[in-house]
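Notes follow once the structure below has been shown.
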Amino acid sequence: MSYYNRYRNKRRSDNGGGNLSNSNNNNGGMPSGLSASDAIFDLGKNKRVTVRQFRNINLIDIREYYLDSSTGEMKPGKKGISLTEDLYDELLKHRLNIDEALRRLGSKRPKTKMVRLLSDDEYEDDNNNDSTNNDKDKNGKDKNSPKKRREDKSKASNESHDLEPRSKKKKPAPPTLLPHEENIQNAEREANATLIIPGQAGRKQQEERKQKEKEEAEEAKAKAVAEQEKEAKAKEKIAEPEPEPVPTLQAKKEDIVSNINESKDANSSDEEFAQSLEAEMNKAEDDISEEE
C-alpha cells in the first residue's frame, strides 16, 4: 500500500467514515457559519443544488451526482449548470412565462397569479422602509455600493413588472419543437427549396440564351412574312386595269366641243358679213363721188 492510500484511509477513519468526509469536502469553500446541510439541497434523483462561493462570487450549482462504487460516496458528475445571483434573479423574474410555456406544451400545471417568494417579502420590506433607508444614506451609507445598486435594480424591475398592463407584457416564447416535429419541418423546407448545382449554372444560362435567340428568330420570321404579304397586295392593286369611263360623260364632252365649234363658226360668219357690208358702203360712196 502506498503512502497516499495509507494517509487517506487514516484520515477517513479519523473523520468517522466516508459520510463525514463527504460533508467536510462539500463544506469546503463555503463561508464560516454555513453548514453543508444548509447549502446542499436534493433535486429528485441523483441531482443536487449547491450554494457556494468562488472568488467572492456567489454561485448556485445544479449538478448530477453518481455513487462511486469503490468509496461508496456520491461524487459530482460532468453534467451541470452554475448560476450567479443575477441570473438566478432573472430566472425567478420569468417564472410566469416559463409556467405559461410549459402549459402550452401540455403540462397540467395550475394557473396561478403569483408565486410568493422570500425575495418578494424582502422587496416589500424595502418599500416600507424607504424613508429610513434614505435617512441612513444621508447619514453616510454608500448609495453606490454593489449591493445597494442590485437591490434598487431588482426593486425597480419588480415594480415595473407589476404595474405593466397585460397588453404590453412580453408574450412567452413559442414552444420548442419535438425531434419528430423538427424533422417534419426540415423535410418540408427541403422539399420546397430550390436545388442549385454549381456545375449546372453555365448550362442553364446557355439554355436561356438559346431560348431567347429562338424567340427572336421566330419574331423576325413573322415580320418578314407580314412584309411579303403586304408587298404582294400592293402589286395586285397596281396590276388591276383602270375602269372604262362612263359613256354619258364622253357624250357630254362631245356636246361641249361641238357647241364650242359652232360658236366659233358663227363668230366667223358675222365677221365676213360685216366686211362685205362695209365694202358695199364704200363702193356706194365711191359711185356718188364719181357722179359729182
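Glycine is no exception: its Cβ is also placed from the backbone N, Cα and C atoms.
According to Swiss-Prot, the compositional bias 'Low complexity' annotation covers 20-31.
The feature compositional bias 'Basic and acidic residues' is assigned by Swiss-Prot to 133-166 (among others).
Per Swiss-Prot, the feature compositional bias 'Basic and acidic residues' maps to 179-191 (among others).
The DSSP breakdown of the compositional bias 'Basic and acidic residues' (204-240) into helical (H, G, I), extended (E, B) and coil residues amounts to 36 helix, 0 strand, 1 coil. Residues or ranges marked as compositional bias 'Basic and acidic residues' in Swiss-Prot: 204-240 (among others).
Summarising the annotation, Swiss-Prot assigns compositional bias 'Basic and acidic residues' to 251-267 (among others).
Swiss-Prot lists SER119 (among others) with the feature phosphoserine, giving a large-scale study or a structure entry as the kind of evidence.
Marked as phosphoserine by Swiss-Prot: SER268 (among others).
The phosphoserine annotation in Swiss-Prot covers SER269 (among others).
Swiss-Prot lists SER289 (among others) with the feature phosphoserine. All protein chains included, SER289 (phosphoserine) registers 8 other Cβ atoms within 10 Å of its own Cβ.
Annotation source Swiss-Prot lists region 'Disordered' at 1-31 (among others).
Residues or ranges marked as region 'Disordered' by Swiss-Prot: 117-292 (among others).
Non-local neighbours of the compositional bias 'Basic and acidic residues' (179-191) in the same chain are absent; no residue 6+ outside the stretch has a CB under 8 Å from one of its CB atoms. Per DSSP, the secondary structure of the compositional bias 'Basic and acidic residues' (179-191) breaks down as 13 helix, 0 strand, 0 coil.
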